[in-house]
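**Q** Features from TrEMBL:
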TRANSMEM  A:6-24  transmembrane segment
TRANSMEM  A:36-54  transmembrane segment
TRANSMEM  A:60-82  transmembrane segment
TRANSMEM  A:111-129  transmembrane segment
TRANSMEM  A:162-181  transmembrane segment
TRANSMEM  A:193-217  transmembrane segment
TRANSMEM  A:246-264  transmembrane segment
TRANSMEM  A:285-308  transmembrane segment
TRANSMEM  A:333-363  transmembrane segment
TRANSMEM  A:384-404  transmembrane segment
TRANSMEM  A:410-435  transmembrane segment
TRANSMEM  A:447-466  transmembrane segment
COILED    A:637-678  coiled coil
DOMAIN    A:678-904  domain 'Histidine kinase'
Amino acid sequence: MVLGIAFGYLALLFVIAAWGDRRAEQGRSVIGSPTVYALSIAVYCTAWTFYGSVGRAAEYGPSFLLIYLGPTLAMLASPFVIRKMVRIARAQRITSIADFISARYGKSGGLGALVALIALIGITPYIALQLKAITLSHAVLMNYPEPPGLRLVEEAFWDDKSFWVALVLAVFIILFGTRYLDASERHEGMVAAIAFESLVKLFAFLAVGVFTVFVLFNGPGDLFARAAAHPQLNGALSLEAVPGGGVGWVGTLVLAFLAFLSLPRQFQVLVVENVDERHIKRASWLFPLYLLAINLFVIPIALAGVLLGDPGGDPDSFVLTLPLSAGLEGLPLLVFIGGLSAATGMVIVETIALSTMVSNHLVMPLLLRSPRLHLGSRGDLSGWLLGIRRVAIVMILLLGYLYHALIGDSYSLVTIGLVSFAAATQFAPALLLGLYWRGATRVGASLGLIAGFSVWVYTLLLPGFAQSGWLDDAFLTHGPMGLAWLRPYALFGLEGWDIYSHSLLWSQLANVGTLVGVSLFTRQSRLEQTQAALFTEALHTSLVYPSLWQGQTTRGELEALLNRYLGAPATARVFAGLERQASKDQAVPPEVIARAEQALAGALGNASARVLINSVVRGEALDLEAVLSILDTTSQMLEYNRQLEQKSRELAEIGEELRSANERLRELDRLKDEFVAMVSHELRTPLTSIRAFAEILRDSRDLPEDKQRHFLDVVVLESQRLSRLIEEILDLARLESGRLTLHPQRLNLAALARHSVDAVHRVQEDRGVALDVEITADEAPVIGDPDRLEQVIINLLDNAGKFAADEDPRVLLRLEHHKGHYRLSVEDNGPGIGEEEREQVFEKFHQIEQHGASSGQTRRRPRGSGLGLPISRGIVAHLGGRLWVENAPTLGGACLVMELPVAPADSERQEVAKANKTPPER
Amino acid sequence: MARVLVVDDEPNIVLSLEFLMQQAGFEVVTAEDGEQALARVAEQAPDLVLLDISLPDISGFDVLEQLRADPARARLPIIMLTAHGREVEREKGMALGADDYVTKPFSTQALVDKVRTLLDEAS
């Protein structure tokens with residue numbers, strides 16, 4: 001029954017694929033949607049995800065998430081990296097990752113073959129893993145509650161279900177992967193089926209998750225509470241549970257990031273099958289979202305499995321055994337189908353990608369070179385190509401089966417997966433460096449691949465064989481020939497790392513090191529230079545794919561060649577637009593030769609296509625010089641333009657700086673002129689009186705005595721005023737240049753205030769001003785210069801006296817504690833200071849208008865210099881305090897408030913005194 | 001007896017000018033800001049004005065302008081007194097119709113001479 005449903009499901013997939021292909025032929029593509037594109041990328045989630053994540057979570061906690069964080073990072077970078085790859089693949093008709101790398105390094109046949117070979121060796125275990133998952137899940141389903149009881153090695157292969165699974169899949173893949181040969185090497189039907197499978201596996205996994213959390217348990221709270229109480233699970237979820245610790249985290253993340261970009265099946269769905277590069281944008285968030293959804297229930301299921309299932313059972317099977325243990329029948333079947341989806345999806349895409357590589361880069365080049373087959377002289381070869389593909393598919397699946405049968409038992413699902421991942425990452429340096437570094441050469445890339453792959457074989461594959469009993473495992477613990485520093489898991493004495501991070505480090509080091517090192521010392525051929533430029537500059541919109549052929553060929557010859565490999569319809573498309581009746585001997589324009597090469601490349605890969613075209617085109621094949629000079633000129637122009645722009649930007653910036661500096665200077669100059677004018681004005685005023693009275697006294701000898709005395713008094717008073725003014729101007733200059741010397745010390749502000757009041761008391765009394773004092777803090781310790789502070793307080797009292805009301809003038813000094821400060825305020829009962837004038841009074845030479853005081857004035861108001869408040873504020877600021885104007889709360893006029901911080905306790909005094917010597921920023 | 005109006009907001013300068021003018025034989029009227037000055041001109045019809053530029057309310061230039069705007073005062077002799085010794089100010093004052101311009105501190109004798117000359121010319 002189960003097998004029947006499985007076959008039914010595969011048949012449904014086939015129907016979907018056939019439907020997708022038919023729609024594509026009708027020009028109504030079903031995969032022309034970014035959502036389908038994103039879902040097809042989810043082929044990343046294989047049976048390894050479906051069953052293995054729970055197993056890994058049960059064993060190592062949340063580390064399984066790293067396998068999905070890597071691709072998430074890669075998708076975040078997709079607007080740059082993947083878009084570039086897609087654009088190149090489109091322009092060059094790339095069919096696989098082997099083709100891509102081969103094309104980048106001068107359409108090298110050898111490099112393509114190398115990549116294909118490594119992919120074949122590295123990915124076979126991964127296919128084996130899927131076969132194992134299908135067989136194992138089927139066995140669990142059938143034998144529950146007995147253990148699955150698989151003993152692969154002891155069975156004859158015809159008794160082994162996985163053998164038949166492999167064969168059925170082979171047939172299936174041949175049916176919808178190689179139905180016909182398409183120049184674009186796209187498989188729209190397959191992509192549609194894969195997207196459908198992604199939905200099925202997500203649905204099945206979410207179903208188990210919901211069942212586990214909400215049916216077996218009462219929601220996530222219940223589950224986590226019981227897990228926390230479980231002795232074995234306590235701490236299982238901590239982040240420390242990752243093998244290899246912090247290195248393991250980084251290692252696994254990098255591994256997954258690189259593998260996501262360089263696994264052949266990911267390259268297939270991401271790049272080759274992409275129909276519209278705008279789809280990348282939605283996929284860049286939709287695919288990570290898919291990963292999040294499919295990982296949502298991994299930890300709950302793992303916890304539930306350990307809590308409920310028999311802990312001795314295989315955690316890789318929890319998704320199946322949990323619903324089975326509840327006695328359900330439908331849900332386990334759904335899970336099985338979900339797992340089947342995950343496994344078949346991977347196997348289908350991977351096998352198609354691998355078979356394309358094997359036929360285009362391993363088999364065809366050999367056949368083309370083999371003189372005995374006389375391929376060059378045969379008729380229609382497109383049937384041959386399909387045949388090679390089909391044989392390749394069967395061989396790849398049989399290889400997968402063999403690996404599974406011989407070695408698969410000794411490794412868990414996750415381990416096999418990671419070993420494959422590590423192999424795929426060997427492509428990353430040649431791929432990614434090739435995209436961004438024009439200098440990477442074919443020799444460098446080839447040797448780098450060989451070096452990295454060798455390290456991978458030595459540090460992961462051979463140890464795996466050894467643990468399966470194929471090899472003597474003594475070299476694992478003691479090193480080959482007893483050389484401890486060559487132990488595969490602790491190369492060069494690097495111990496304590498998990499085997500994957502260890503292998504990743506050494507293999508990538510060898511790979512990148514060799515690639516870069518050799519590239520620096522080898523030269524690129526001309527074709528390589530051209531291709532390198534086309535790849536690295538692929539996102540330059542101005543760059544058109546140049547026609548590289550300048551040789552001569554006739555239409556007849558070219559047509560015959562294409563007919564042999566592609567068949568008549570595809571050939572007709574290449575010649576579309578040319579006159580139908582044209583003679584067979586007519587020479588073909590270069591762009592048609594380029595088109596023919598692209599069409600061949602779509603079917604055979606770049607390297608083989610090049611060989612074939614070369615066989616019919618005579619004369620100078622390429623004018624690389626021209627192409628290179630176009631590229632060089634373009635990039636030189638761009639660079640020159642960029643430099644010019646930069647220079648003019650810099651010039652503009654310098655100009656702007658100069659202008660603003662000049663403006664600042666001019667403003668300072670203006671302020672200086674203004675100050676000088678004001679100072680001179682202020683000095684001239686007392687000087688005028690002094691000179692006038694001095695001349696009067698000199699010239700009029702017969703003045704009465706009292707007049708003489710009066711005039712002399714004026715001279716003396718004005719002289720004093722002049723001295724005071726000069727003193728103030730000097731103070732101000734010192735304040736502004738920061739050269740005012742203060743002598744800060746601990747003092748009692750209350751005592752100082754009383755002392756200041758006494759000093760002005762007599763003068764105020766003479767003017768009829770009533771001076772009141774209200775000191776609430778008798779001890780008011782502050783840090784300050786007593787002389788300067790007294791100067792400030794006297795200035796405030798003086799000002800208040802001047803501006804107090806004409807009738808019954810009153811002034812009030814108040815000292816109080818306020819939030820870590822002492823506030824000394826001086827208020828009067830005058831007209832007050834308007835809101836808009838409250839900051840102006842602190843400007844130099846500002847004179848407060850004495851409204852209504854001009855007529856009927858009863859009291860003489862001494863004019864101030866207009867410097868007292870600016871100086872006072874400067875002094876207070878130097879002492880770390882503030883001085884401002886507000887409304888007088890008691891007397892209703894103006895109120896000047898001085899605020900100084902409370903002096904710290906004695907022990908801190910020294911420091912503060914020191915700090916006060918450096919003036920604060922103004 | 002000619003009447004001189006002294007306009008300045010510095011009491012001691014007013015005191016000195018008042019004494020000088022009286023000693024020279026003139027009658028003296030004083031004002032300490034612009035509004036007062038305009039009022040005194042209207043009430044007392046002085047024969048000459050000694051006008052300070054920096055006044056607390058309106059400036060001496062404004063007073064000068066308003067006086068000159070009145071045809072009856074177009075020929076009234078006016079000497080500007082200023083503590084700003086700048087050429088621009090002198091030119092501005094002359095352009096507005098001042099008869100002379102004296103920078104503080106001034107020579108008492110020269111000022112008295114100027115007043116005498118202007119009064120002689122006016123009569």
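Cβ coordinates are placed from backbone N, Cα and C, and glycine is handled just like the others.
Whatever TrEMBL says is automated annotation, not expert-curated.
Quick one: how deep are these features, and who are their neighbours?
**A** Same-chain neighbours of the transmembrane segment (A:6-24): 30-31, 138, 168, 172, 175-176, 179, 188-193, 196-197, 336-337, 340-341, 344, counting only residues six or more beyond its ends whose CB sits under 8 Å from a CB of the stretch.
Below 8 angstroms of C-beta separation, residues 46-48, 96-99, 101-102, 105, 263-264, 346-347, 350-351, 353-354, 357-358, 360-362, 365, 396-397, 399-401, 403-404, 407-408, 413, 416-417, 419-420, 422-424, 426-427, 430, 442, 445-446, 449-450, 453, 456, 461, 605-607 of the same chain, each at least six residues beyond the ends of the transmembrane segment (A:111-129), sit close to that stretch.
Remote same-chain residues near the transmembrane segment (A:162-181) are listed as 7, 10, 13-14, 17-18, 21, 131-132, 134-135, 152, 187, 189-190, 193, 344, 347-348, 351-352, 355, 382, 385-386, 389-390, 393-394, 397-398, 400-401, 404-405, 566-567, 570, 603 (criterion: CB distance under 8 Å, separation of at least six residues from the stretch ends).
Long-range Cβ contacts of the transmembrane segment (A:333-363) within its own chain (Cβ-Cβ under 8 Å, at least 6 residues beyond either end) map to 2, 5-6, 9-10, 13, 43, 45-51, 95-99, 102, 109, 112-113, 115-117, 119-120, 123, 126-127, 130-131, 133-134, 137-138, 141, 169-170, 172-173, 176-178, 185, 187, 190, 193-194, 197-198, 200-201, 203-205, 207-208, 263-265, 267-269, 272, 319-320, 323, 385, 388-390, 392-393, 395-397, 400, 604-605, 607-608.
Long-range neighbours of the transmembrane segment (A:384-404) within the same chain, counting only residues 6 or more positions beyond its ends whose Cβ lies under 8 Å from a Cβ of the stretch, are 120, 124-125, 127-132, 152, 157, 162-163, 166-167, 169-170, 173-174, 177-178, 180-181, 347, 351-352, 354-356, 358-359, 363-364, 367, 375, 378, 565, 603-604.
Within the model, the domain 'Histidine kinase' (A:678-904) shows a mean pLDDT value of 83, rounded to a whole number.
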**Q** Residues of the same chain, at least six outside the transmembrane segment (A:246-264), with any C-beta under 8 angstroms of its C-beta?
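**A** Same-chain contacts beyond the flanks: 44, 63, 66-71, 73-74, 81-82, 96-98, 119, 123, 270, 350, 353-354, 357, 418, 420-422, 424-428, 431-432, 497-498, 500-502, 504-505.
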